[in-house]
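First up is the structure itself, then whatever we jot down about it.
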Amino acid sequence: MKLRRGVLRAALALLLLLLPPAGAVEPISLGLAIAGAAASALTGFISYPRLYCYFRECCLHRHDQRAAAALQDTLDKKLFGQHLVSKVVVKAVRGFLNNTNAKKPLALSLHGWTGTGKNFVSKIVAESIYKKGLQSKYVHQFVATLHFPHAHSIDLYKDQLQSWIRGNVSICPRSLFIFDEMDKMHAGLIDSIKPFLDYYELLDGVSYRQAIFIFLSNAGAEKITEVALDFWRNGRTREDIQLTDIQNALSVSVFNNKNSGFWHSTLIDKNLIDYFIPFLPLEYKHVKMCVRVEIESRGYAVDEDILTRIADEMTYFPREERIYSDKGCKTVDAKLDYYYD
């Protein structure tokens, strides 16, 4: 904090020295003069990237090690019941950020039922790399039903998507692109970005090897639940599930799902998705954890009776066993509004 204040004082002092006397400046030009002097002062003074980034958001705002540490810490504290997600996402992102000679962009595909944490994790990844998170100008989020609603406009969407990615990676090589609702995206559309995910050193003079792509989808959730139930019925815990138990079956399931934006996609066929990450359905105990954290985040004392009532109000499946919440933690926030506000 002291360093930041010192930097600000020095920059302002330089600004005042560079400004001409007020009487010598035409009123209409005063704003431009101030802006020009400020730019000159700051540009000359803030010649080092770290100092410059105190004043403006920078491409890859946090150092690679800090980003990985922030990601690990937040997932440990706020993500429940997803041991595979925490392990794979942290290792994949940390390894990629620390790799100074990546051969291709990082591509993660997150799969699971609604409410299991896919959007939450993509948000945490964005926040670990950029302080402004999803609001950063270097983070770009696409929602299939919002940005690509019409099947007859696929060719237009392809051109627009390629132009957007090309333009933003040219500005910031460490751009982050998040594609939500992949299960609702028109088949074939996502293949337009295949060149950007491939092993090219340069495309039209631009390298995409530092970019990160995250895909979110409900597709494959049935296969994930099938594996989880099989472990449960055989007396094994969910923590016994390993990525090798599910990843191949998950990628095949998504590839052959006609209702998925990845249906027969070249991104899968050419092995350009680095990890298919399964989000397991959440159990009763995980819902209670979500409720507790949400209560605490609102500044309320935790009432165990209310916490239990909210968890009990959720619906669970399969119908006989009632093991997994069919909405995960999706409606926890709304239910707390009823009890606390």
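Just so you know, glycine gets a Cβ as well, placed from its N, Cα and C.
What you are looking at is a predicted structure, and each value in this text was computed from that prediction instead of being measured.
In TrEMBL this protein carries:
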{"type": "SIGNAL", "residues": "1-24", "note": "signal peptide"}
{"type": "BINDING", "residues": "Gly112, Trp113, Thr114, Gly115, Thr116, Gly117, Lys118, Asn119", "note": "ATP binding site"}
{"type": "DOMAIN", "residues": "282-339", "note": "domain 'Torsin-1A C-terminal'"}
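Feature annotations (TrEMBL) mapped to structure.
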| residue | record | contacts (Cβ under 8 Å, 6+ apart) |
| --- | --- | --- |
| Gly112 | ATP binding site | Lys118, Asn218, Gly220, Ala221, Ile224, Pro278, Phe279, Leu280, Pro281 |
| Trp113 | ATP binding site | Asn218, Ala221, Ile224, Thr225, Phe279, Pro281, Asp326, Gly328 |
| Thr114 | ATP binding site | Asn218, Lys327, Gly328, Lys330 |
| Gly115 | ATP binding site | Leu282, Ser325, Lys327, Gly328, Cys329, Lys330, Thr331 |
| Thr116 | ATP binding site | Gln82, Phe279, Leu280, Pro281, Leu282, Gly328, Cys329 |
| Gly117 | ATP binding site | Leu79, Phe80, Gln82, Val85, Phe279, Gly328, Cys329 |
| Asn119 | ATP binding site | Asp180, Leu216 |
Residues lining the ATP site besides Gly112, Trp113, Thr114, Gly115, Thr116, Gly117, Lys118, Asn119 (CB within 8 A of their CB center) are Phe120, Asn218, Phe279, Gly328, Lys330
Excluding its own, the Cβ atoms lying within 10 Å of the Cβ of Lys118 (ATP binding site) add up to 25
